[in-house]
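**Student:** Annotated active site, proton acceptor per Swiss-Prot: Asp109, in sequence order, evidence recorded as sequence analysis. Positions annotated as ATP binding site by Swiss-Prot: Asp6, Val7, Gly8, Asn9, Thr10, Asn11, Ile12, Val13, Thr132. Taken from Swiss-Prot, the feature substrate binding site covers Gly107, Ala108, Asp109, Arg110, Thr184. Summarising the annotation, Swiss-Prot assigns K(+) binding site to Asp129 and lists sequence analysis as the type of evidence.
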Amino acid sequence: MILVIDVGNTNIVLGVYDEQTLLQHWRIATDRTRTTDEYGMLVKALFRDAELNVEDIEGIVLSSVVPPVVFPLENMCVRYFNRRPFVIGPGIKTGLDLKVDNPREVGADRIVNAVAATVKYDGPLIIVDFGTATTYCYIDAQKRYYGGIISPGVMVSTEALYNKAAKLPRIEIAKPQSTIGRNTVHAMQSGTYFGYVAQVDGLVHRMKEEMGEATVIATGGLARLISEESATIKIVDPFLTLDGLRIIYERNK
């Protein structure tokens, strides 16, 4: 079995694979102040609750967009799993041809998603990942990665509105029953939800105008909710990043 760890700005997602089967997955908060032992005790508790043994883990792969968290997690893997993790970074085997100005600038999460998508689906592909930032990536049928778009994430936008507008409340992200809101919360939910649906469809349309038709895959925490009204999202794959980590680990063994 292998343990995959995806560190995002808001959450850390962990998964355990037995060959190609995802046995269990968890989502915990990204905390830059946690120590090696705090992460270790937390992950051991998750394993214990799922009736999994840390001794059965034969390999670990780690991807992070939060550099300060890498060191304690690497140490956690060594101390609690007796395994040094394979860390996603420049120079690894991905099978992608990066057609961007500076390949080292491309986030590990975007590379991992692209690897998984090119294995699981026929290209050309557009990947929309709803995280702290919402990212869009274009990959052609020959697995050439042409870059994409980065925009503020849904939660970042709503928190900014709450923090900067004195009389506006913090809201739950939800799909409202109508576009026109009859109260403040409803109006904010409409602007957030339908605004992001429009953003996705508008940006995907522009990407297709530049690059040609492509299958649109959505992943990330709000992918399924946004896809309910999106005219362009065709596939929702909640485990795209975890699958990508597994695939990259296998290619680099």
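Each Cβ is built from the backbone N, Cα and C atoms, and glycine gets one as well.
For the listed features, I'd like the structural context: burial, neighbours, distances.
**Tutor:** Asp109 (active site, proton acceptor) carries a helical DSSP state (H, G or I). In this view, Asp109 (active site, proton acceptor) is surrounded by 27 other Cβ atoms within 10 Å of its Cβ, with every protein chain counted.
Other C-beta atoms found within 10 angstroms of the C-beta of Thr10 (ATP binding site) number 14, with every protein chain shown included.
Residue density at Asp129 (K(+) binding site): 26 other Cβ atoms are found within 10 A of its Cβ, drawing on all protein chains shown.
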**Student:** Cα within 10 Å of Asp6 (ATP binding site) is the criterion; apply it to the binding-site residues Gly107, Arg110, Asp129, Thr184 and give the hits in sequence order.
**Tutor:** none
**Student:** At the level of the C-alpha atoms, what whole-angstrom distance separates Asp129 (K(+) binding site) and Arg110 (substrate binding site)?
**Tutor:** 8
**Student:** Looking at the binding-site residues listed here (Gly8, Thr10, Ile12, Thr132), whose Cα lies nearest to that of Gly107 (substrate binding site)?
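**Tutor:** So, of the listed binding-site residues, the one sitting closest to Gly107 (substrate binding site) is Gly8.
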**Student:** Using only C-alpha positions, which one of Gly8, Thr10, Ile12, Thr132 is spatially nearest Ala108 (substrate binding site)? These are the binding-site residues in the record.
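**Tutor:** For Ala108 (substrate binding site), the closest Cα among Gly8, Thr10, Ile12, Thr132 is found at Gly8.
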